[in-house]
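Engineer: The structure under discussion is supplied below as structure tokens; questions concerning it will follow.
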Amino acid sequence: MGLMWGLFSVIIASAAQLSLGFAASHLPPMTHLWDFIAALLAFGLDARILLLGLLGYLLSVFCWYKTLHKLALSKAYALLSMSYVLVWIASMILPGWEGTFSLKALLGVACIMSGLMLIFLPTTKQRY
């Protein structure tokens, strides 16, 4: 059950990260504070996506809290690295994100996935 909550947390946090990235690239920069505030108060699509991203992070924290009650921290913390993989893949697949493929990034993803497999593979007890 802890693994399920952890996966929910990772998926929701990844979606929230993508939402915040979209909103940040479409809203006025915060250096133009009044324009930024006006865009938020207009509550257009960009502001709603920003709000969804923030609410997504809040929901992700709730799922993470449930994860930590059911799963060892050493395993739970490793799950967070999956978010990097999901966001990287989504940025290349989703239109308008302009995520780029590189062999270095692929190698990094392979390292992350290998590490997760090492952590989550069942261990066998050795007999002496």
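Each residue, glycine too, has its Cβ placed from N, Cα and C.
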Engineer: Please check, using only what Swiss-Prot records about topology, whether Ser74 lies on the same side of the membrane as Pro122.
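Structural biologist: Checking Swiss-Prot: the two residues are co-localised relative to the membrane.
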Engineer: Let me spell it out: take the transmembrane segment (3-23), skip the flanking residues so only those 6+ beyond its ends count, and list any with a Cβ under 8 Å from a Cβ in it.
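Structural biologist: Distant contacts of the transmembrane segment (3-23): 46-47, 49-50, 52-57, 59-61, 63-64, 66-67, 70-71, 75-76, 79-80, 82-83, 86-87, 90-91, 94, 97.
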Engineer: With DSSP helix as H/G/I and strand as E/B, how many residues of the topological domain 'Cytoplasmic' (57-76) fall in helix, strand and coil?
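Structural biologist: Tallied per class, the topological domain 'Cytoplasmic' (57-76) gives 18 helix, 0 strand, 2 coil.
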Engineer: Could you tell me how many residues in the topological domain 'Periplasmic' (24-35) are helical, how many are strand and how many are coil under DSSP?
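Structural biologist: DSSP composition of the topological domain 'Periplasmic' (24-35): 6 helix, 0 strand, 6 coil.
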